[in-house]
Amino acid sequence: MSTTTGTSLVRASGLRKEYGRGTGLLRAVDGVDLDVERGETVAVMGPSGCGKSTLLHLLGGLDRPSGGEVWLDGARIDGLGEKALARLRRSAVGFVFQSFHLMEELTAVENVELSALLAGRSPRESRRRAAELLDRVGLGSRAGALPSELSGGQRQRVAVARALVNEPAVVLADEPTGNLDSVATLDVLQLFDDLHRAGQTLIIVTHDARIAATADRLLTMRDGVIVDETRLTGGSTGRLGALAGLED
Amino acid sequence: MGRILLVGRLALRDLRRRPVEAALLLLAVLAATTTLTLGLVLRDSAAAPYENTRALTAGPDVVMSARTTGQLAAYGDAAGVTARSGPFPVATSTLATAGQTVDVLVIGRDTVDAPVDRPQVTDGGWVRDGGMVVEAAFATAYGLTAGDQVTLGGRAFEVAGVAVTAASAPFPATTCLGEIPCLHGVAPAGADLPPGMLRNPGLVWLTSADAGRLGVVSYVLNLRLEDPDLAATFIGSPDAPRVALSTEIRTDATEVAGDSQILLMIGAWLLGLLAVASLSVLVGGRMAEQTRRVGLLKAVGGTPGVVAAVLLTEYLLVALVAAAAGLGIGAFTAPLLADAGAGLLGSAGTPALSIPVIGTVTGVALAVAVLATAVPAWRAARSSTVAALADAARPPRRSGWLIQASARLPVPLLLSLRVTARRPRRALLAVAGIAVTVGGVYVALILDGFLSKPFAAGYTVAQVETLRRVLLLWTVILLVLAGVNAIVITLATVLDNRHTAALARALGATPRDVTAALSGAQILPALAGAVLGIFPGGYLLFEAIMGITGGDGDRATPPSAWQLITVVVMTALIVAALTAIPAHLGAHRPVTDSLRAETA
Ligand SMILES: Nc1ncnc2c1ncn2[C@@H]1O[C@H](COP(=O)(O)OP(=O)(O)OP(=O)(O)O)[C@@H](O)[C@H]1O
Ligand SMILES: [Mg+2]
């Protein structure tokens, strides 16, 4: 796992995150080594509280590690300042959260163009890209709707579009279907599958074995440590067949 | 460009989503900017009527007086003197009209025409034998108009006219011309005035012959100088005549406008403080809800600078609107307060907004917004992104001793103390807000009592009315803003405590217990604030006003004990009434709603 191949896009070594101190010390992530290749889809599973979200936050520069290294696209990011991290988050990383985290006061298209505007793109270009992405996630006709006017699945698709707007090197998704019913889950899964085929690097944290089955690689965590790693053959071809059972 | 668009869009949308809060914010800043505008505009306009009068009546740079014309002779031809009139004889007398008597200074002048000091007749004509002209403010104060019959030193006179001059300040600040001592304001009770001393004298003109018959005691000489600063060299020379400079006369002439202006400026400061308190609470209360928004912005790549800009822009927008509206309202209402009085020509009219006034008001409004938002904005911008995303509310602080101390109290009081202890800083802001208000009310009470005494501070009835109006405006705005403040604080407390309140109810407290607790949590600080607002707040504020105005605080009586007790009790009652509404609404929300809202 800790082999340093030149092509890896995301790399972590000896990564640790601790909360509290003394007797209350909690090692949420406890020495993780990880390499993710460009274009690879990695699923992370494990029991609640084992440190999956924490790991994802560390990899995407949302949080700073207590120790170890994080590399993204050849650059080390664990020591970056708040401003540099912000720049990184809007250019190299796209986040998708379980609870969508859309701006309630902005319409779908405005939510999508948010990151583009933050990245300094012109209003016109941002709007064009946002509209395009909404089309791609199948929401071209709902561009002017507020999040409160959209269903959960639609909201998550808006969030995915937002994550893609700056063409990030990697998309990090934390239980993207955790709040969705099975039909909406299928929708979002189809979207991730499309991304996978298009060569987008993806790291998905999930509780759902059927999602994990679509990945190239499945990591299992327990108590802050990666305890198992499985290469999946079905994943690379992007078969959604494993999900057939969802439609009941 | 895109980022500016984004920041503006987020600020506007957020304001639109919370119209009530936006309105409260606007009101808070508006009160301060309006008062400040009034204060500044009045300062600019206070001197205008005097200068106007001076220009129209060829007012002197210096008025000299001495017992004999000989003492003045040398000065009329001194180097640097460009024009002169006089010496004119001066007498003193007592004027009786409609059952009242009043001391007067009499100047003998046969014609208005002179190179210096040409009083402008505003009613009737100029002096003639047996006909006198009365200084305009004096005439207004005693209701004299052309044609009225009066007696002067026991002889009958007719009022030939009313006129305005720049050689004396208008009644009751009449400049004591001639070497005649006079007393302005209230004489010490029971004290006998030294013989010859005039008390609140008015100014009248007679013919020289008529004045001579009253007994001339002095002479006045009006001079225009090449360089007004030269006047200083006339003072202090050996056996110098008495000198009144035009600058001194102007100071006396504009005293009321000046006093109004000082009151307004102090009011503006108080309101500014209140506005900062209101804003801090609103911003602080909203920061809690905004944390998630901030986390989200940061997660998608907003730098701390962008996040701070988004948070600040909202308040800066409100401040700008408040500044513009305050400037408008202030300029519009200023003429009501800038009554120049009858003694000067050309009322203050519509005092114009000058660039410095606009700049100052806008600057102060922006400063208020920045002051109230900078700290929370900075803190939010720096906070951990993950924590912000995960959890909306700032964890309340706990003051352990307060919570322990409250354990044995009845339920509502216990809950109130706990609610207060959860947010010590907000409780402090509440105390400060009430203290500022009560301090202002304390001073208003003293000043009002002071103004109720006739001629108390040497003001005329009309001037007292003007000052009363200023005081009333002051008090009303202060009370409104304090009310806004109380509601804002309760709202924030209700929002903050909905979870606790729901839990308390889930565990058996009645909605009434919770309402009582939430509103009690406001009354405790209100009581503390009311007491502190009287002492040291109001006391120090009054001393400060006296210090600035050069007033004599000893002449004012402090409010009586019952007045103070009423103020404290009323404060508590009003706060209770104002806060009961949001508290009641908060307490009656369905329990499950509140518990669910927390996790949504
Ligand atoms: N801010 C924090 N302070 C203290 N402990 C924390 C904090 N955030 C997370 N933890 C702890 O770190 C551990 C890992 O949390 P994490 O959220 O990464 O788990 P997870 O695997 O994502 O769980 P889930 O599947 O329930 O989302 C947990 O024990 C959690 O309690
Ligand atoms: Mg998680």
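We number each residue from 1, going along the chain as drawn.
Heads up, the Cβ atoms here are built off N, Cα and C, so glycines get one too.
Annotated features, as they stand in TrEMBL:
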TRANSMEM  B:262-285  transmembrane segment
DOMAIN    B:266-384  domain 'ABC3 transporter permease C-terminal'
TRANSMEM  B:306-332  transmembrane segment
TRANSMEM  B:352-375  transmembrane segment
TRANSMEM  B:427-451  transmembrane segment
TRANSMEM  B:471-495  transmembrane segment
DOMAIN    B:476-581  domain 'ABC3 transporter permease C-terminal'
TRANSMEM  B:516-541  transmembrane segment
TRANSMEM  B:561-581  transmembrane segment
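Within the chain, the transmembrane segment (B:262-285) has long-range Cβ neighbours (under 8 A, six or more residues past its boundaries) at 21, 24-25, 28-29, 31-32, 35-36, 38-40, 42-43, 315, 337, 364, 368-369, 371-373, 376, 425-426, 429-430, 432-433, 436-437, 439-440, 447, 467, 470-471, 473-474, 477-478, 481-482, 484-485, 488-489, 491-492, 495-496, 541, 544-545, 548-549.
Using a cut-off of 8 Å between Cβ atoms, the transmembrane segment (B:427-451) and the transmembrane segment (B:471-495) share at least three residue pairs, counting only pairs 6 or more apart in sequence. Per-residue pLDDT, averaged over the domain 'ABC3 transporter permease C-terminal' (B:266-384), rounds to 77.
Residue counts for the domain 'ABC3 transporter permease C-terminal' (B:266-384) under DSSP, split into helix (H, G, I), strand (E, B) and coil, are 96 helix, 0 strand, 23 coil.
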